Each structure stands twice: as structure tokens, then as C-alpha cells.
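To start, the structure under review is shown below, and the notes come after it.
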Amino acid sequence: LVKDDMSLILSSFSLFRSSRSSPASASLAGSGHPRTTPPKIASLQSPMVEETKERIAKLFKKKEVSRSTYDTAWVGMVPSPFSSEEPCFPDCLFWLLQNQCPDGSWAQPHHHSLSPSLLNKDVLSSTLASILALQKWGLGQRHIAKGLHFLELNFASATDNSQITPLGFDIVFPAMLDYAADLSLNLRLDPTTLNDLMNRRDSELKRCTENGSAETEVYLAYIGEGMGKLHDWETVMKYQRKNGSLFNSPSTTAAAFIALGNSDCLKYLNSALKKFGSAVPAVYPLDIYSQLCIVDNLERLGISRFFSTEIQSVLDDTYRCWLQGDEEIFMDASTCGLAFRTLRMNGYKVTSDSFIKVVQDCFSSSSPGHMRDVNTTLELYRASELMLYPHEIELEKQNSRLRSLLEQELSGGSIQSSQLNAEVKQALDYPFYAVLDRMAKKKTIEHYNIDDSRILKTSFCLPSFGNKDLLSLSVQDYNRCQAIHREELREFDRWFVENRLDELEFARHKSAYYYCYFAAAATFFAPELSDARMSWAKNALMTTMVDDLFDVTGSVEEMKNLIQLVELWDVDVSTECRSHKVQILFSALKRTICEVGDRAHQLQGRSIRSHIIVIWLDLLHSMMKEVEWSRDKFVPTMDEYVSNAYVSFALGPIVLPALYLVGPKLSEEMVNHSEYHNLFKLMSMCGRLLNDIRGYEREHDDGKLNAMSLYIMNNGGEITPEVAIMEIKSWNDRQRRELLRLVLEEKSVIPKACKDLFWHMCSVVHLFYNKDDGFWSQELIEVVNQVIHQPILLSHF
């Protein structure tokens, strides 16, 4: 960023203050020209790393989910359709007999690895359900005795508010205790805890009865096994899905079959056991969600580029299911939200109508019924941020609604997981378009939970929820890229000194080069993009210094002189430059343009130096026009202002030359195409509008016009700055959404890798202007150090 506020902020940071040369530049001085190819850093091609990649690739074929003791026990209670005296699924009972823990519980492996004290309610519920199943059929008396002993010892956990409470626990667990009494099981339970538990059940049922909402009806149907004779099961069956299940829940479906003997319920249970063997998961089917979770994790951890073939296959399959209206997507809110977000961000044409209907059903509709938790609400919120079209007003409304719900969860302190709490706060503080890629990925890696699980009526895990191989590869890749970035920063430091830029008196910019490079490394980080990062960073610093000449320190003669020098190009700087300052600026600019142009020539197979010169001249002329307007007190129309201001925001020299260095060939026809210019204008307008909002008071005091002041003038001066800010922000929202739509457009003239750079810069400007006081000093210092200088060191390795 090049405007005053960024420069002033940077100049105050002790980290960025620089003398004649920094320690890095001093050690590198005189060592030759900056390197334009990626430094040689240890690659990720070792046999061990390749084996890790192979194991990750196999995750796409393992469509598995952890077995649920709780659900398996309920399926085990199902009687044979031919005889109520015999179990329909004896294999489930044998599985229970074989999987009791030494302490008498029926905990699963993830219960032990995931802070067991927080999952005791889940373990109690699973253990009691297993006891009921065995007792019903007169099996495993020794197992039952051990299980009862465990329940008696740990019963206090049933009312412990510090532990994670499974969905419906306060109704289902007491109901199972009643069922235990019916089966003549003698439980010696603490009477105080038991009374407390029963009171909670009564209060919860009373609340649900008085509420009477459709959402409550869905909730009670989902926990149907805990309602027993209180349920009108015929009414509950309206939630039955095409696969025969109720909510894709084996336990609810088993309870429904026990009550009604519905043949489709039995078909569903048979299909689940056919797929998983002797035990069932907590949710089935979950294939689409599981696959999308792998894709999402790979993208969030920064290693998706290693699995492009597998990811493409998942996305194609998901898109096909989306178009077919597959229940696995549209009957599960989390899956729908993740599918909508992933497909949209990967360029698939998915309308928001179906997604909006799922959101509405999830929170208010009586049909077909969706169960939700904070994870689901967060997933829906992230998906609802992806507004691309002007007509998506309802999507915007749902985004506001979901945001409000998450804020309530956050302020109410109801999120029991500290990690989830942090995720929600991050999502609310930083919208997806105001997050620098590398910052987000580092945070994801550092907070990645290899023992992650989800909890509805019971907890469950997927291979993609917490995977050591994903974490291992992402850490190695991050640290490798970071080592390359540190080497590039040293080269950048050397370039700064070799071009004598440290001699200029506006020394506040001697520090800005750290930020100029950081913005590139934090957005497009892959090793092969080294040339593009260096072009971005060098041109960013040059625009900052040129902007300072035009806006702060230069005379009109110096400004005109610099423009003339660039136009003439082949000049004798010792005689043609009006000042030492102009001589240094022009010499550095010329050398940088030639360096970037030469490297781009090698990649593109044609000369593009003249185009880079034109890009710079466009910027210089637009800056000169602003100076002349201010000098002559000329008041442009809004159209006149905009046509000049988006260029003068100075993103052209930063982004446009770098497009030639990201890989794809860019023909002259492409760079002259309207799509190319639309991408540039939309990106630049976002920065310009946000800058004008931030700089309104300062520029107003200086007698300078911007979009804010012109908007107020065009409305007769009758609207307040606050109203104008709302209008300009709305304008910016439209520009940003249109930019993202173009970037994601599949049929495009400009290659996707090039379009991504426009979006990366858009994210940079939105991050800087996300807070009312900007990207403040201490946070910037911390982030730069983390992303560039601090490797990830985790105790897992």
C-alpha cells in the first residue's frame, strides 16, 4: 500500500527503522545483482515425505468414520422382525462384548485421547446404552456388572457443567435410566445427582413443550430414543429420508423401528451394517462430508497443490451430487455449507437458492429437519460470506443472521471448546476477504488438533478431522517455503541498498520494504513463484517512494522531470535529472523495470518491458493529474475522479508486471482484453474506496477531494460523513463481489493463476482497512515476525 496512512504507521515501528543499511543488507552489500530464481532449499522429495503424501492420497479412498458404541448399542436393541424375543443384529452385541474397556466403560479411542474428563457424559451415555442392549437379550452378565460399576463411580459427571454435553443428553440419559429400571438393572446411584438429573430432564421437556417451535420439534424427533412413549412416532416419520433413516442417525432410526417396525428403517440399518460390519457410526452416510473435509483441510493447511488430481475428482463428484439434489448434501446443513463454499471458491456454478433453503430449514422450517451445533453454524456462516451476484440479497440476510447467532454464542460463553471459540472469533473479526493466506495457514497449522472430534448425540471422528500426516506435511512445507522467503527478503534488502534508496531523505520508507515483501510472501507463497514475489515487492516499494515524491516531498518540477525521464527512457541521468532524489528514483525504477522485464521475457517468450513502462507512466500521469487538480482547486465529477483515482492508487505496477511471472503465457491480446482491465479496475477501486474512507478527515483538512467528499458534495452537503461511509462501503462491497466473481469465473480469457493475484491484492487492502484504526503497529510487527522469521515447531514431532 502506498498512501500516507500506511507509510506513517510503518515509520513508527522500531522493527522497521533503518540506518544507512540494515545488518542483513550490510552483510550482503557488494555481492552482485539480486537473484531472480528461487533459492536452493531442501526439497520435499525425500522418501519419507513421499510416503506421507501417499498416505494422505489414500485418505480419499478411505470413506470411513469412527464406530459409535452408542449407536451400535441402540441397533443391537432392535428385535428381529420375525421374533421379538431374538435380536435382529446379534453381531452388534458380539461387537459390544469384544469392545468393553478394562475400566468397565464402552469408551472409544478418541474418548481417551481427547481430554477424557470433558467427554465423560458421552462415555456414560455409550456405556449405559451398551448395558441396556446386553441386558435386553440376556448376554454378558460379567460385562454388565463391570459397566454398572463404572457408571456408579462416574455418575457425578452426568450433571457436571464443565464437561461437554452431547445433544439431548439431559433427556436421553434419564430415559435410559428409566429403561434400565424396566429391565431390572440395579443401579446404586447418588440420589442427589439423580434428582438433579431428573429435574434437568423435566425442565428441558417443559421448555421444549412451551417453545413449540418447528426447530424444537425437529430436536425432539432427533433424540427420539430418549422420548419413548411420549413420542408420536407416526408424526416423527415425516422426517424419514429416502435412504430409510431418520436424520442419517442409526440410533434414532433403530428406536423408530423398535416403535413402528418400519421396513425402510430396517433397510437403512442393514445397509449401514453391510458397509461397516458389526458396528455402525454416529452418522451414516457421511461420504461427501468426509471427502470435502479432506479437501478443506488440505487447502487450509496450504498443501492442496500436492493433491490437485484427487481434489478435482472430489469436487467433480460433489458438483454432480449437488446438481442431482442429493440428500446427503441437502439434508445435512454442515455438508451443504461446506459443499457450497468449496464449490464456489473453486469456480463451480452453484446458485445460492438451494443453500439458502437449507439455512432457513435449519433454523426455522418444520421440514425436513436439520440438526445443528456451533460447528454447523460456523460452517454456514463461512459459506454465506460468498456473495457474488447483486441479486443475492437473501444470502446477505442469512449472513447477517448467522453472524448474529455466532456473536450470541461467543458472548454467552456457551462454546465449550477453546479451539472452536477461537475459530468463531477469528471468523467474526476477519471476513474471508480480509485474511492473508499465509497468516491464516500458519494459524491453522499451529492450532490443528490431531485428536479432533465432533459431537452430536455422541462424539465421532473422521480420518480428515485430525490427521498426523496432514500436519506433518504442512509443517515441513511451511518451513521450507519460509526459508525461501527469508532468503528472498535478504536479496530484497540487498537490492534496496544497491539502488541507493537508503540515501533518500524520506527515510520512513526505508522500513516499508519489509511490508512490501511481506504482502507478497503472505499471499502467494509457493517456491516457484519467487520471481513474482520479488517483482511485486520491488515495484511496491518503488510506488511507495514515488507516491511520497508526488504527495509529500517533491516539487512540481521534480514530478514533471521524473515523468519526462521515464518517457524518454534512454537518458544521461547525470545531466537530465533535476535533483539527486529524482536521479536515485529514476535509476532504481529503470533498473527494476529492466530486471523484471528480462525475467518475464524468458518466461513469456516475448518482450514485455514496454508494457511495464506504460503501466508506470499511467500511474505517474494519474498522480500528476491529482497534483494539478489540487493546485488549480478543480472539482472533478465523480466519474472523472474515479477514472483517474483507481489508477493513482498505484496497484498497477505492483500487480500487473507480476502476472507475467506466475507461470501462464499472457498474450498481448489478453492484456488488451476488457476482462484484464475490469479485473484491474475492480481491484484498484476496492483499495481506493477503502483508502478514501480512512483518509477523508485528513484530506478534507488538507483541502483535497476524494470519493467521500465528492459523494457528500453531490448530495448537496446534506448527508453526514457517517451516511457517506455506509454508501461508499456498500459501493466497495459491490466492487469486491464482482471481482471475486470474475476471478472464479471458469470460462475466462485471463488464466486463473493470474486472476488470483488480483484477489490476493484485494485481500491485502481489505486486511489493512479491516479495523477502524488500520492494521496497527504491534500486530503488524508480530505478524511479520511470525510469517517470515518464526518457523513452526510443534511438540508432535
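Quick reminder: no glycine exception, Cβ is built from N, Cα and C everywhere.
Marked as Mg(2+) 1 binding site by Swiss-Prot on the basis of similarity to another entry: D547, D551. Using a 10 Å radius centred on the Cβ of D551 (Mg(2+) 1 binding site) and all shown protein chains, the other Cβ atoms total 18.
Sequence annotations record features per position, and here Swiss-Prot assigns Mg(2+) 2 binding site to D547, D551 based on similarity to another entry.
Sequence annotations record features per position, and here Swiss-Prot assigns Mg(2+) 3 binding site to N691, E699 based on similarity to another entry. In the three-state DSSP reading, E699 (Mg(2+) 3 binding site) counts as helix. Annotation for E699 (Mg(2+) 3 binding site): same-chain Cβ neighbours under 8 Å, separated by at least 6 residues, are D692, L705, N706, S709.
Per Swiss-Prot, motif 'DDXXD motif' is recorded for 547-551. For the motif 'DDXXD motif' (547-551), the model gives a mean pLDDT of 90.
Taken from Swiss-Prot, the feature transit peptide applies to 1-48, supported by sequence analysis.
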Measure from the CA atom of N691 (Mg(2+) 3 binding site) to the CA atom of D547 (Mg(2+) 1 binding site) and give the result in Å, rounded to a whole number.
14
State the Cα to Cα distance, in Å, between D551 (Mg(2+) 1 binding site) and N691 (Mg(2+) 3 binding site), rounded to an integer.
15
When DSSP is mapped onto helix/strand/coil, what comes out for D551 (Mg(2+) 1 binding site)?
helix
